[in-house]
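One structure below.
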Amino acid sequence: MADDSVSKDVRKASASGAPKKKSALSELFAPVAGFGVSFSTMFRKVATEEYPEKPRPTAPRFHGRHQLNRHPDGLEKCVGCELCAWACPADAILVEGADNDDTPGGAGRFSPGERYGRVYQINYLRCIFCGLCIEACPTRALTMTNFYELADNDRGKLIFTKDQLLAPLQEGMLPPPFPMADGMEERDYYQGKVTAATDSQRTYVDARDASEDAEAHAAAHDSDASGNVGAALPGEHDVVHATHPTAAATREGANP
Ligand code: SF4
Ligand code: SF4
């Protein structure tokens, strides 16, 4: 009963529409009351970030763009198994494996063991950076870096290819293809028995480069002789995605 009488009083008061009386003090400060918010904000810690001049460091295990890692001699860790592509919920990865071929005149060896990733692409228009692909990778070939500046106004440039995703060559590494280190098997690479490229691997790569240079010069000479001066040298028309940093630029801070 007491509650009913109170609610009746409240209804009467609101029905009357009588304005509440303000104190003289509140009326005095009313014109400048809005500045209170500004003044209180002036003494708070500044949260503004000066991006892109001073990018904020990410958390150590931030999920940024991917990287395809190498063994200490430069051979690729990816064995083209496609497990990362099957694990991806966004269907963002394309892998095509191929056989390593050590035989004379063959395509060469890019990774220890049987196969390597001949084609590798990640579509960053689809990727949601969940990290399931790196969990699925059996060789720790695929990891994620702390790099996150992945915007572009060209959709084609957001499909990263293998040359963009491969880790840069570090001290003691050589560019594949070349044979495995002397006397070593695939398992030895994963047991950490290979720590750098050997002399015989270095000799092989030097001979390979010299032979490729000679072939390129011979081809250029032939095209000059036939009057086809506009023929492109190998690599001259390769597509370069200049808007993205190289893997070398994003190597820093890569999650192991
Ligand atoms: S991070 Fe997730 S969405 Fe992106 S490629 Fe890997 S599995 Fe696919
Ligand atoms: S990155 Fe790893 S999971 Fe993906 S194809 Fe290469 S080895 Fe297999």
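Every residue, even glycine, has its Cβ placed from backbone N, Cα and C.
Computed from a predicted structure; not experimentally measured.
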Matching range for TrEMBL feature annotation, region 'Disordered', among 1-23, 139-161, 162-184: 1-23
Additional residues around [4Fe-4S] cluster 2, ordered along the sequence, whose Cβ is within 8 Å of the centroid of C88, C127, C130, C133: C84, A87, P89, A90, A92, I93, I122, I128, F129, G131, L132
Proximal residue to C84 ([4Fe-4S] cluster 1 binding site) among binding-site residues C127, C130, C133 (C-alpha distance): C133
Cα proximity to C88 ([4Fe-4S] cluster 2 binding site), best match among binding-site residues C78, C81, C137: C137
